[in-house]
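Annotation source Swiss-Prot lists topological domain 'Cytoplasmic' at 1-11, 80-85, 130-144, 197-271, 337-341, 387-399, 456-472. Residues annotated as transmembrane segment in Swiss-Prot: 12-32, 59-79, 86-106, 109-129, 145-165, 180-196, 272-292, 316-336, 342-362, 366-386, 400-420, 435-455. The topological domain 'Extracellular' annotation in Swiss-Prot covers 33-58, 166-179, 293-315, 421-434. Annotated N-linked glycosylation site per Swiss-Prot: Asn108, Asn431, in sequence order. The compositional bias 'Basic and acidic residues' feature in Swiss-Prot is assigned to 214-233.
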Amino acid sequence: MLPCFTRKPVDHPLGFLVALSGLLMQLMSYGIDNSYSIFSDDMHKDPSLGYPSVTTISLGNSVSLGLSPAFGVLCGFLVDRVPPRLMMAVSTLMLFAGLWLSSTFAHNVTAVTFSYCLLASISSACMLSPGAAATSSWFNRYQGLAMGINFSGGGVGSAIIPSLAGKWVVAYGWRKTFRLMSAFCAIGVVATLLSARRAPPKKEEAGPSEYDEGQERQEQGEEEQAHTDEENRNNNNSNGETTPARRGLHTHKLNPWELFLTMFSRAFLGNFFCWLIFSWAFYSLIYVAVPYVSSMGKAGTVYADISPIPTDIASTLFTFYGVFQIVGSILVGWLATGTTNEFAYVLCATIGGIFCAFLGFCRSYVAFALLLCVIGFCMAGMFAVMPALIAERLYGPNLGFYMGAVFLAGVVGGFSAPPIQAELQQRHYGNYTYVCVFMSACMTLAAAVCYITMWRDKRVRIVSAAAEAKLA
């Protein structure tokens, strides 16, 4: 976008076009990345790869999904200093190159991991923080809704690309399917052209009503942080220390040491652990969904007596999952705008945890579809609210870094969940019940962490501020 278009007041409608660019980037990236487990069986039977084991193939999924947050920290640091569209262009190019390199030159699963999965991981990192940071710069009042639109792209991609990939891999094999999927990278080109960070308007050009409303919203957030900031200063001053990093968090670009110090604040740690615990459930579901459903009727498993569900049919469940991710992202974003981000997150995590437990009892296609609709809705809502939670507490010129640093927690779940879950179900004769219980526990614990570290603390600050205002 040209500077004359980006120099707009807070909450300007043009910001929704930037949110749309984030949606398109996530459609491309997550739609392709989430399809990887669909190729597991075809790669396992491929003589050109040496018939690799399922666990070995799952390591590629770990690299693709798990290392992305690690690269995201660097990308978050860079997006505070370079235009978001540059990062998005790199993301599109890396994903396109990975699909073609692996499908053309890979002759073992290790080559697939390094030629596709590693590049896909970097690609995902280059689009997530830039898209979220660019969108958040346009909004205060409607930030929850805008983030919901931005993060609904994963649902759109999951509804479209995996179902197509499931049909293509049966008809053409994984190599040609990779090349066909590369056509979706054209979406990334369009998204790159639409993305831009908002530039503050000149005072004489800014409409007083819209601009002042955005400023009032930001000042309210600053007041909510005042109580916590004062406690941190008092604690540090009692030890003979000063807190320049904490004082300048929202107003100055911090140096690496100051950024490191702020990572021990309650605002950062609360967001970090919410994402850390949730990532276990999310990446477990992405990896096991299709293998779990397609194991129905498979000999040698506890589901041998169940009516079989072929892989190409099982992959279509991502359509239901993806559609309800779209609905969940937008509706939960709207709910967060009308209530609080913390309430929306806790509600989605609690309901999602309950239905993850029920997933272990499913045996039919219809039952899987119904539960994945609810789980997709809840997980998408958590995805949409998470950046808003980060922006609400860590807003300012360092927001891109904090986005990437919080998403770094996903390394734990993304990198370790797929091989652990693959090994877990194999040790129990293909029984996925343990995986479902684990996902349920993680979702529930994420809700508890959000309530303890953010929602309850926010309510206490608001009540205290209201009491002080009443006494004054």
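In case you wondered, yes, glycine gets a Cβ from its N, Cα and C as well.
Long-range neighbours of the topological domain 'Cytoplasmic' (337-341) within the same chain, counting only residues 6 or more positions beyond its ends whose Cβ lies under 8 Å from a Cβ of the stretch, are 141-145, 385, 388-389, 392, 455, 458. If you look at the transmembrane segment (86-106) against the transmembrane segment (435-455), you find fewer than three C-beta pairs under 8 angstroms, all six or more positions apart, and that falls short of contact. Under DSSP, the residues of the topological domain 'Extracellular' (166-179) split into helix, strand and coil as follows: 13 helix, 0 strand, 1 coil. Here the glycosylation sites are Asn108, Asn431; the one with the fewest Cβ atoms within 10 Å of its Cβ is Asn108. Of the recorded residues, Asn431 (N-linked glycosylation site) and Asn108 (N-linked glycosylation site) place their C-alpha atoms 28 Å from one another.
Most Cβ pairs within less than 8 Å of the transmembrane segment (145-165), among stretches 12-32, 109-129, 180-196, 366-386, belong to 12-32.
If you count C-beta pairs under 8 angstroms between the transmembrane segment (366-386) and each of 12-32, 180-196, 272-292, 400-420, 435-455, the highest count goes to 272-292. Within the chain, the topological domain 'Cytoplasmic' (130-144) has long-range Cβ neighbours (under 8 A, six or more residues past its boundaries) at 8, 10-12, 14-15, 18-19, 21-22, 25-26, 75-76, 79-80, 84-85, 87-88, 150-151, 195-198, 213-214, 217-218, 333-337, 341, 344, 384-385, 387-388, 391-392, 395, 399-400, 403. Residues of the topological domain 'Cytoplasmic' (387-399) grouped by DSSP class, helix first, strand second and coil last, total 9 helix, 0 strand, 4 coil.
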